[in-house]
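Everything below concerns the one structure shown next.
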Amino acid sequence: MMAAAAASDSAENQSEVKPEGQSSPCGGCPRKQSGGSCPGKQGGGCGGCCKRRAAMMAAAAASDNAENQSEVKPEGQSSPCGGCPRKQSGGGCPGRQGGGCCKKQGGCSGCPGKQGGCCRNQGGSPCANCPGKQGGCCRNQGGSPCANCPGKQGGCCRSQGGSPCANCPNRNFCPSASANAGCPGIDSENRGMASACEGCPNRAFCMSNKIVVDPDLDIIKKKMETIKHKVLILSGKGGVGKSTLSSQLAYTIGRDEDIQIGLCDVDITGPSQPIIMGAENEPVHQSNTGITPVYVQDNLAVMSIGFLLEKQDESVIWRGPKKNGLIKHFLKDVEWGDLDLLLFDTPPGTSDEHLSIVQYLKGCDIDGAILISTPQEISIQDVRKEINFCKKVNMPILGIVENMSGFVCPSCKGESIIFPATNGGVKALCEEINVPFLGAIPLDPRIVNSCDVGEPFVDSYPESPASKRYIEISKKIKEMLNLN
């Protein structure tokens, strides 16, 4: 209706003939306003007679109001526009876009109210059927900050870690972030009844039966009972040798045939372990009990999305929820058996994969994380972010490894510094935060050769200084975890 009024106005505008030299766009109009400003003025010309325009605007508003009456709003949800989702009174509509209703603005495309204040009762709005529309955020919107929330359970941003909202990336958009200090958490049986719950705005929600617990968590917990130790390999930056360290630690610790090792590659978009472990193109077998991992040695099992791809150069273009589902699949459905140690090769940074691992293994006694960095300061800064992540999710740091610490010539065995440690490197960082320094591994070009052909570097080149460091670091890890 509004569009029809505008079209009619435009047609009349074209037919108007203004007196030559006239300064006011309204000419001799009897409704001419002082100062030459006409309420019907549109884009420098009169949009038809003001009186006629007022009547058309009133008719359009009446039509819109009739449509509003037929809309069904979610129970208990008040409209942001005072009863009418498209009401323009005073120009206060939070979904108003260019003076028009958000329903008529391309389905809220570009609407400033789309995130945290959008007109959620609009039939044409992408928020119409959003399960989070009454929870403070539009969780099913691709551009919404809550779209990939790992704590999304039944329309609510559930608590992450030990306290509500502690690690949720959407805490600034979720009402649960206003929980009182000392909150027992929504997973606690004492939720809503503890002394800290007095006066909390979320108390009624916590005492309701709306909290949904993922049933797969109990399955994962039972599956992990046969695995004695779980360790994550983390790096703040890509390209520092995280996958290489993961594989060589698995090989080196696995030299003791009495120790059963598992290596889970959760780098979904960049799986490296099938090649590094010499298992490229190996199939996985599925039975009634689950998926059997690929065994590269009698005591070393590997699982990676690389085994599930039809072509090794096939790209994995997945959003967070699908990545999280595959990680859960690796934990819940892979038959790891009785393991002494399960290593997780993670992608760089602190993203969906890391949050998922921590969430799914909550209550499964994660031993901690081993961090890896190169000596230069730009890499150290990213490791500090990883350290902060570990603190927020209450995960112990077993130690930090400095990789590419100098270059060892295979011929003369001379060592050169390639990446100088401007501020003391990883060792200085470990002293600063009181975390064990596990060792410094020098560059050796033969490490690349071993990884490309899928052979253990420590077995192929035992005389290399890098091999000696891998053995030393593995020995420290075995002592920490009592694997001797």
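Positions of Cβ are set from backbone N, Cα and C atoms, glycine also.
The compositional bias 'Low complexity' feature in TrEMBL is assigned to 1-11.
Positions annotated as region 'Disordered' by TrEMBL: 1-45 (among others).
Residues or ranges marked as compositional bias 'Polar residues' by TrEMBL: 12-25 (among others).
If you look up TrEMBL, you'll see 61-84 (among others) marked as region 'Disordered'.
The compositional bias 'Polar residues' annotation in TrEMBL covers 65-80 (among others).
Under the heading [4Fe-4S] cluster 1 binding site, TrEMBL lists Cys183, Cys197, Cys200, Cys206.
Look at TrEMBL and you will find Gly236, Lys237, Gly238, Gly239, Val240, Gly241, Lys242, Ser243 tagged as ATP binding site.
Of all Cβ atoms in the protein chains displayed, 7 besides its own lie within 10 Å of the Cβ of Cys412 ([4Fe-4S] cluster 2 binding site). The feature [4Fe-4S] cluster 2 binding site is assigned by TrEMBL to Cys409, Cys412.
The binding-site residues examined here are Cys206, Val240, Cys409; by Cβ neighbour count within 10 Å, the least packed of them is Cys409.
The C-beta environment of Cys197 ([4Fe-4S] cluster 1 binding site), restricted to residues of the same chain at least 6 apart in sequence and closer than 8 Å, consists of Asn180, Cys183, Pro184, Arg191, Arg203, Cys206.
Reported as a whole number, the C-alpha separation between Cys200 ([4Fe-4S] cluster 1 binding site) and Gly236 (ATP binding site) equals 36 Å. Taking the Cα atom of each, Cys412 ([4Fe-4S] cluster 2 binding site) and Gly236 (ATP binding site) are about 33 angstrom apart. Of the candidate binding-site residues, Gly236, Lys237, Val240, Lys242, the one lying closest to Cys409 ([4Fe-4S] cluster 2 binding site) when CA atoms are compared is Val240. Residues near Lys237 (ATP binding site) in space but far in sequence (CB under 8 A, at least 6 apart, same chain), listed by position: Pro348, Gly349, Ser373, Ile378, Ser379, Asp382, Val383.
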